[in-house]
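Pulled from Swiss-Prot:
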BINDING   198, 199, 224, 248, 249, 264, 265  S-adenosyl-L-methionine binding site
């Protein structure tokens, strides 16, 4: 707790420090939303001029600014003026503004509902995607994250805009060696080599084939919901050759006996029981020599602050970051066993290879 006290020297106790932190988070969100940071000149701007430029009432702006100056988020070059310290100038950048707004709205709105959520659902992590802190915080306690986004287009737009800037994106290639897949292409030309399950608009399957061009794109299948598949760009090259199938991973796997079933950044979004449903659907479609490749962030047994926070972030949506033990549990419940884990050298990304257990 010493860090919260050092952040706010006036804090008499850690509780005071946490309170000041809550105030700061909220005031910064208001400044971001109303472009207050953008209107502050490099050499400082008077409160009166800033109120005129932004349309905020002078009294309100002064009260909010007083706290940010006291907490060193803003500077005060002279009485009645405020300026931006170098570290705060990031809030003039679109990337930082989008990210901060998203994590504040999506995380804080859900986190404040944790006590009520746990009281309603028991002291356990989310068991169903349609019973999540996010849904409760948004006013739809029986809807999943994606259901809520469909009903709240403004939230969906903010979410999509943040995802589009690629914050913390996972590497696709350079982790797992797909060359063995290419070696199989000549043994059975009719066999599907890779099925990209829940593959969105094909970024992953395209990158995999680009990395290992001896894998015929025509022997690969891109699967996602029909409304996603119809928006896959029509372009010359790899994606034009890949087979496209509209389906849900919660339904029976339509492509049987593929050499590889590849699923990236999917299980992260779902609670255990729904992950088991997804994996069982794949298991039922496997041939005896099929392999399942799961590309996800792998949680270490003793995660850092950032990784533990990311896991709790996912909990808001009924998702979950998993460690090796947790993936082993999913495998055993779904008819698979882990055969290898390939880890990225510069991140926590990994490709977990599983084999179907012969029954």
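Including glycine, each Cβ sits where the backbone N, Cα and C put it.
Most Cβ neighbours within 10 Å among the binding-site residues 198, 199: this distinction goes to 199. Non-local contacts of residue 265 (S-adenosyl-L-methionine binding site) by the CB criterion (under 8 A, 6+ apart in sequence, same chain) comprise 170, 295, 296. Residue 224 (S-adenosyl-L-methionine binding site) is surrounded by 24 other CB atoms, counting those within 10 A of its CB over all protein chains shown. Counting every protein chain shown, the number of other Cβ atoms lying within 10 Å of the Cβ of residue 264 (S-adenosyl-L-methionine binding site) is 23. With a 10 A radius on its CB, residue 248 (S-adenosyl-L-methionine binding site) counts 13 other CB atoms from all the protein chains. Site extent for S-adenosyl-L-methionine: among the recorded binding residues 198, 199, 224, 248, 249, 264, 265, the largest C-alpha separation is 15 Å.
In the three-state DSSP assignment, the secondary structure recorded for residue 224 (S-adenosyl-L-methionine binding site) is strand. Under the DSSP three-state reduction, residue 264 (S-adenosyl-L-methionine binding site) is assigned to strand.
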